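The active site, proton donor/acceptor annotation in Swiss-Prot covers C73, C183. The substrate binding site feature in Swiss-Prot is assigned to D10, S11, Y42, G43, N74, T75, T184, H185; the stated evidence is sequence analysis.
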Amino acid sequence: MDTRAIGFLDSGVGGLTVVCELIRQLPHEKIVYIGDSARAPYGPRPKKQIKEYTWELVNFLLTQNVKMIVFACNTATAVAWEEVKAALDIPVLGVILPGASAAIKSTTKGQVGVIGTPMTVASDIYRKKIQLLAPSVQVRSLACPKFVPIVESNEMCSSIAKKIVYDSLSPLVGKIDTLVLGCTHYPLLRPIIQNVMGPSVKLIDSGAECVRDISVLLNYFDINGNYHQKAVEHRFFTTANPEIFQEIASIWLKQKINVEHVTL
């Protein structure tokens, strides 16, 4: 048994979609979450800068004595996950491979779409992972740089959000049967995305898919939390306005949380 927390990092609030699923599946596990909303979005930034920012988030989580780190950010996973994983002696998990694997299982026509930040799409990592496991699957990737700012400003239900999603996704409509939400912010726009793509298109939440892998690693390294603990204390940190973070988090997690400001 290991009662230390699992650390989550993201460029902002998007990683809460992963946290929500973890709380549902593994309610006995403690969480420490750091969202770098002050510098979001990461997607348009140069690789070197993304690596620097990611390491700052990692080092912050290490000061919290976490037992595992989850990259709840596709951009950080694409750019820095392998380097961080090789450097640390605790498990480090990314969201891309679980999302790619789920897409392969989902598609019936071999037509998969991937939406993500400009950096994630430019890295071509989803196509590489999917076609490594299933070479016959066709992958269409599309950068959606306007989605993260919508979420970070808590405008997911606005008319402008609907227009941006519609305009952004139009190149994929009618061409795929499975769509990977290749950014953990995007599930917060899920109802609009589903409406645009149509009910027959299966949406894959890459962040939620990785919770299964978290459970596997906890068992493999024998670092599960206390199954009998009914109430666990989570900690949430943001580099931006805690009130905005708290507002979005409370809606998504369906509970009120305390959010602390941190300067990296």
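Even glycines carry a Cβ here, placed using N, Cα and C.
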C73 (active site, proton donor/acceptor) and T184 (substrate binding site), distance between Cα atoms, whole Å: 6
Additional residues surrounding substrate, by Cβ distance to the D10, S11, Y42, G43, N74, T75, T184, H185 centre under 8 Å: G12, G14, G15, A40, P41, C73, A76, T117, T120, V148, C183
C73 (active site, proton donor/acceptor) CB neighbourhood, other CB atoms within 10 A: 37
Integer Cα-Cα distance in angstrom, T75 (substrate binding site) to C183 (active site, proton donor/acceptor): 7
Most Cβ neighbours inside 10 Å, all chains, among the binding-site residues S11, N74, T75: N74
Residues that sit under 8 angstroms from C183 (active site, proton donor/acceptor) by C-beta distance, when 6+ apart in the chain: G14, G43, C73, N74, T75, I115, G116, T117, T120, C144, F147, V148
List of residues, in chain order, with Cβ under 8 A from that of D10 (substrate binding site) and at least 6 apart: L16, Y33, I34, G35, D36, A72, C73, A76, T184
